[in-house]
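The block underneath contains the structure these notes are about, expressed in structure tokens.
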Amino acid sequence: MSPYAMSMLMSSLAMGTIITLSSSHWFLAWMGLEINTLAIIPLMTKMHHPRATESATKYFLTQATASALLLFSAAMNAWMTGEWTIVDMNSYIPTTILTIALAIKLGIAPFHPWLPDVLQGLDMMTCLILSTWQKLAPMALLILTSHQLNTSLLTLMALASAIIGGWGALNQTQMRKIMAYSSIAHLGWMTLVISFAPGLALLNLTIYLMMTSSMFVMLMALNATNMNKLSISWLKTPTLTASMMTGLLSLGGLPPLSGFLPKWLILQEMTKHHLGALSTVMALSALLSLFFYLRLSYMISMTSPPNISNANLAWRKKNNLSLINPILIVLSTMLMPITPMLLM
């Protein structure tokens with residue numbers, strides 16, 4: 001792709017998200033989401049492969065459906081209340097339609113099936129954008145309207161996301177699908193707490209973005225798209241592979257890594273609201289996710305593939321890692337010491 005076209009598309013992506021984040025009017029927010037969707041579709045199809053075209057088509061159809069529902073809920077709310085502002089969603093039907101629209105946009109269960117299929121057909125860089133940047137605008141709208149949304153519906157979707165996100169990745173071997181199910185599970189935790197403490201949902205989103213970004217950057221550096229490629233990566237880049245193992249355990253929420261911090265605070269918040277049974281189910285669903293992260297960590301660090309080299313070290317190419325990679329790895333694994341500051 002031409003550098004000019006790429007810079008224009010990346011600028012449009014940034015502009016779409018910024019328009020949505022800074023708007024107080026539903027029409028402007030919808031316009032930002034549309035710019036976002038239309039800017040990423042050429043990035044998806046730049047590989048000129050049938051799978052990439054299929055992914056772009058699926059993504060366009062699901063996002064168009066979600067945008068139509070969002071505009072419909074905003075128009076219905078304006079018809080009922082005479083207000084187009086984002087924070088004035090007081091009627092039951094428009095808020096329910098809005099919740100469904102944003103759930104489709106984000107890939108929250110039960111509206112999740114498009115996400116693993118779409119990610120599987122894309123290159124790693126587009127997967128990174130889709131899993132991180134594209135979550136910002138819908139999540140911002142969800143946080144802005146969280147005090148008016150149906151808490152029972154959000155809780156049900158959160159439970160379904162956490163369970164499906166853990167269960168769905170158990171039999172996957174492709175890294176992009178595993179990261180898609182990981183995204184679904186993390187979105188479940190954010191959706192659960194968003195009605196009770198939007199600040200905690202924002203913290204969870206921030207840590208999720210850092211962990212997922214560092215994971216995709218490491219996968220790009222190792223050129224690993226499935227578990228078999230990952231299992232021989234320690235021969236080529238042992239330091240990066242050790243960092244990836246730590247990153248995977250952080251994604252699984254194992255203490256004392258960064259991923260444990262939001263889960264701990266969310267479970268604490270749930271027990272304050274006397275939702276002990278719900279907290280227990282969510283904690284048990286996190287064990288499903290932890291199982292496949294542990295399996296990946298085991299494959300990376302403790303298994304030797306049958307086609308291992310006879311030499312002590314395999315041929316190592318020069319790593320073209322940028323400065324951002326070590327920063328992301330540190331942030332995605334070592335944020336636990338800031339917990340007292342957050343609790344204050």
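Note: Cβ is positioned from N, Cα and C throughout, glycine not excepted.
As annotated by TrEMBL, domain 'NADH:quinone oxidoreductase/Mrp antiporter transmembrane' applies to 23-288.
Marked as domain 'NADH dehydrogenase subunit 2 C-terminal' by TrEMBL: 290-343. On the 0 to 100 pLDDT scale, the domain 'NADH dehydrogenase subunit 2 C-terminal' (290-343) averages 73 in this prediction.
Beyond its flanks by at least six residues, the transmembrane segment (12-38) meets 59-60, 63-64, 67, 70-71, 74, 77-78, 84-87, 105, 129, 133-134, 136-138, 140-141 of its own chain at Cβ-Cβ distances under 8 Å. Per TrEMBL, the feature transmembrane segment maps to 12-38 (among others).
A Cβ distance under 8 Å defines the sequence-distant neighbours of the transmembrane segment (59-80), meaning residues of its chain 6+ beyond its ends; these are 26-27, 30, 33-34, 37, 40-41, 44, 88-91, 93-95, 97-98, 100-102, 104-105, 114, 118, 130. Per TrEMBL, the feature transmembrane segment maps to 59-80 (among others).
What TrEMBL lists as transmembrane segment is 92-115 (among others). Non-local neighbours of the transmembrane segment (92-115) in the same chain are 33, 58-59, 62-63, 65-67, 69-70, 72-74, 76-77, 80, 135, 138-139, 141-142, 145, 148-150, 153-154, 157-158, 160-161, 163-165, 180, 183-184, 187-188, 191; each lies 6+ residues outside the stretch with a CB under 8 Å from one of its CB atoms.
According to TrEMBL, the feature transmembrane segment maps to 153-171 (among others).
The annotation transmembrane segment is assigned in TrEMBL to 178-197 (among others). Here the transmembrane segment (178-197) has Cβ contacts under 8 Å with residues 103, 106-109, 112, 115-116, 118-120, 127, 131, 135, 139, 142-143, 146-147, 149, 151, 154-155, 157-166, 168-169, 172, 204-205, 208, 212, 215-216, 251, 262-263, 266, 269-270, 273, 278, 282, 285-286, 289, 292, 296 of the same chain, all six or more residues outside its ends.
The transmembrane segment annotation in TrEMBL covers 203-222 (among others).
According to TrEMBL, the feature transmembrane segment maps to 234-254 (among others).
As annotated by TrEMBL, transmembrane segment applies to 274-294 (among others).
What TrEMBL records for 323-343 (among others) is transmembrane segment.
Same-chain neighbours of the transmembrane segment (203-222): 124-125, 127-128, 131-132, 135, 139, 175, 179, 182-183, 186, 189-190, 193, 229-230, 233, 236-237, 240-241, 243-244, 247-248, 250-251, 258-259, 261-262, 265-266, 319-321, 324-325, 328-329, 331-332, 335, 342, counting only residues six or more beyond its ends whose CB sits under 8 Å from a CB of the stretch. Same-chain residues lying 6 or more positions outside the transmembrane segment (323-343) and placing a CB less than 8 Å from one of its CB atoms are 203, 207, 210-211, 213-215, 217-218, 221, 243, 246-247, 250, 255-261, 264-265.
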